Number of protein chains: 4
Amino acid sequence: MMSESILQKDHPRILIPELCKLFFTNGWVTGTGGGISIKYNNQIFIAPSGVQKERMEPDDIFVQDMNGADIEVPPYEKNLSKSQCTPIFMCSYIERNAGAVIHIHSPELVKLCLLNPENELRISGLEMIKGIYNEEKGRFYDNDEEVIIPIIENSKYERDLVDTFQLALMKYPSTSAVVVRNHGMYVWGSDWKSAKTQCECYEYVFNIMVFKKINNL
Amino acid sequence: MMSESILQKDHPRILIPELCKLFFTNGWVTGTGGGISIKYNNQIFIAPSGVQKERMEPDDIFVQDMNGADIEVPPYEKNLSKSQCTPIFMCSYIERNAGAVIHIHSPELVKLCLLNPENELRISGLEMIKGIYNEEKGRFYDNDEEVIIPIIENSKYERDLVDTFQLALMKYPSTSAVVVRNHGMYVWGSDWKSAKTQCECYEYVFNIMVFKKINNL
Amino acid sequence: MMSESILQKDHPRILIPELCKLFFTNGWVTGTGGGISIKYNNQIFIAPSGVQKERMEPDDIFVQDMNGADIEVPPYEKNLSKSQCTPIFMCSYIERNAGAVIHIHSPELVKLCLLNPENELRISGLEMIKGIYNEEKGRFYDNDEEVIIPIIENSKYERDLVDTFQLALMKYPSTSAVVVRNHGMYVWGSDWKSAKTQCECYEYVFNIMVFKKINNL
Amino acid sequence: MMSESILQKDHPRILIPELCKLFFTNGWVTGTGGGISIKYNNQIFIAPSGVQKERMEPDDIFVQDMNGADIEVPPYEKNLSKSQCTPIFMCSYIERNAGAVIHIHSPELVKLCLLNPENELRISGLEMIKGIYNEEKGRFYDNDEEVIIPIIENSKYERDLVDTFQLALMKYPSTSAVVVRNHGMYVWGSDWKSAKTQCECYEYVFNIMVFKKINNL
């Protein structure tokens, strides 16, 4: 049941399907991969699990409060379940006061992980890091600074990532993203615009990093 | 003649043209290559042969029963013939109880074949294999398992692939796909969603596999 | 002035802008590059020169007869001139009885030229050559045959390519395409569908050829 | 407030959002990067700073005169600020009598910079340089000429690029573009069509140059 007004084009029930369609085109959420959550009027909107991300409809979205109690769920006959990323989404809301969290399966990032066995990514010397937010300093990076992003190891189930995700948040107070090796990335921001545009900046710099590594630059 | 109601957006006469347009954009069915078939109410819907896949219309689709007898055919003046993949489509329906079968000419896969002279592909260590269905075990793969996909040799005509295709099905009871070397792939699933999203997962992991092989990773 | 009825969606005044928009998305005609011509009711429709190919309008198209005499021209105030490819388009109509000719600036092909100093391209072992038409034999290639495409050297002006283009047609009676080194390609067919889908097949195999060459396969 | 009529589809308030959407699709202005300005009736239209370039609306655009005095600004509640590229846009209008200026964060160009430590790019031997305008000679390049594009070093803020940008204009009177290392490029032309199509030609040749360099061609 969708009780609230969704006339606004920036309402999560409109935005989430629209953004997922864009992310699908980007190659970030193909094969039902990835997910997204947006906080709105203190309610948490969450995309369903295991669906084609480019075909989502407004009433496919789950709504819960900050304690995880359901406020609205999709129609019963749609047989949908909440994103398996929910525990990590909530962790970003609680630990980082995020306004939106995006999970993507970027192939570019998986390639970068394959080239980088370390447990963090270090990026510098590119203009586009000016679009990445330093959560500790409360401002965007300068282009002469270094961005460090933690990599955590993948697990069998998304829910088993919560502990290492939380550790990464503590150890890297500046970061607005956590990479899951050979899997993808979680990115959050103060609102959906920040989460989305940071995703684009990360994707951009990962693409350049892969290029540098395979060409020994 | 199209007798049945096609008001539903998930009817094969609507879905097949729509999916083919998407696959064209993906680069999977350019140059009239590829094909698709969907089972619906125990009828088999099949795209026509040798047409521009992004310009298909609802009444271009052939409908036959499980024995191959025509139920509906496109208007005579359209001069269309049934997909040359039909024998392989039917083989997937009969041997694997598929709900839909997709044939794509993925360039990424052709590149992977060129790098891999073996008669199977082995994939592991990637999150996206969780979107691939293990037909033998009746569940999706875990991300710590290995997916093995058979490669059969190409033939002059699509119809001559049936025997080796059938052998591959017998030898690889887990697989939901058969690769045809330097040609493309057949992927099936319990319904069109499963066939399509598995296609996307295969394409994703093939892209990473090519990257690994050319960079000796 | 546009006198003829253009209600049909396959009329060249509708098709040419639509195809050019698609080719632009393919990266084949960016920067005003490339061109297209379609024969219709024995009239030759030709795109204008030096315009943004994705923004063409129905009345931007020139129409001439087989002798080159203008039948219809775009409105005077649009200040358009006929494609500089016109002499080569006409050569394909006259020498090969083409129904449509496409000129694209494929970057993939330019890369292949840079890797291949010879004056022809030889392609074999790929399913997609089944979509290429053998003009001499009057049938499509089998996938176990070899396709040979002539490469001619680039000239300062498009019009200066006519002589070598004509020589290539004579020397390669099978070919449905002529490559211009570090520049692009002319592809023709019995109608626009044949020219377009062959373009797609050539682009596909060129992409694989580049991959093979840079990886020594 | 938008006082002027924007009925024409080539009005900057229509064109700027439309072009930015296209550039976003090209990967040139993701993550709020890049910018664009168009001169129209002697007024300078400028996109806002730090916004999602694919979601711009007609009334998001700033209008100023050639002296930098505001003529029209976006609604107060939108909380927008003028593009940080404005000083460089104005420099192109004043020094080169440009009709439009485009700033893109092309990843292809960043890769080329990483491969090319020199302070200029030299391009030759490609047909597509015929779409690049030689500002000194007042004509397009021939395909047998060499195009030389200056590279300036990046700075912390866009505004600090003005001096070196101006020096590059003086030292390279032929150029219609200035590259900012590991950052992007400014391209201008006599009107928006010229700026845009030159952008496409530069992007095309940069892509080929990267290919040549990594393959030692």
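Each Cβ is built from the backbone N, Cα and C atoms, and glycine gets one as well.
Per TrEMBL, the features are as follows:
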- D:14-210: domain 'Class II aldolase/adducin N-terminal' (DOMAIN)
- D:Cys85: substrate binding site (BINDING)
- D:His103, D:His105, D:His183: Zn(2+) binding site (BINDING)
- D:Glu127: active site, proton donor/acceptor (ACT_SITE)
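D:His183 (Zn(2+) binding site) is surrounded by 25 other CB atoms, counting those within 10 A of its CB over all protein chains shown. The two recorded residues D:His105 (Zn(2+) binding site) and the residue listed as 'active site, proton donor/acceptor' have their Cα atoms spaced 24 Å from each other. With a threshold of 8 Å between Cβ atoms, none of the recorded positions D:Cys85, D:His103, D:Glu127 neighbour chain A. For D:His103 (Zn(2+) binding site), the same-chain residues that are 6 or more apart in sequence and have a Cβ closer than 8 Å to its Cβ are D:Gly34, D:Gly35, D:Ile36, D:Ser83, D:Cys85, D:Ile88, D:Phe89, D:Gly184, D:Met185, D:Tyr186, D:Val187. Contact annotation for chain C: of the listed recorded positions (D:His105, D:Glu127, D:His183), D:Glu127 place their CB atoms under 8 A from a CB atom of that chain. Following the DSSP three-state reduction, the secondary structure of D:His103 (Zn(2+) binding site) is strand. According to DSSP, D:Cys85 (substrate binding site) sits in a coil region rather than a helix or strand.
In this structure, the C-alpha atom of D:Glu127 (active site, proton donor/acceptor) lies 26 angstrom from that of D:His183 (Zn(2+) binding site).
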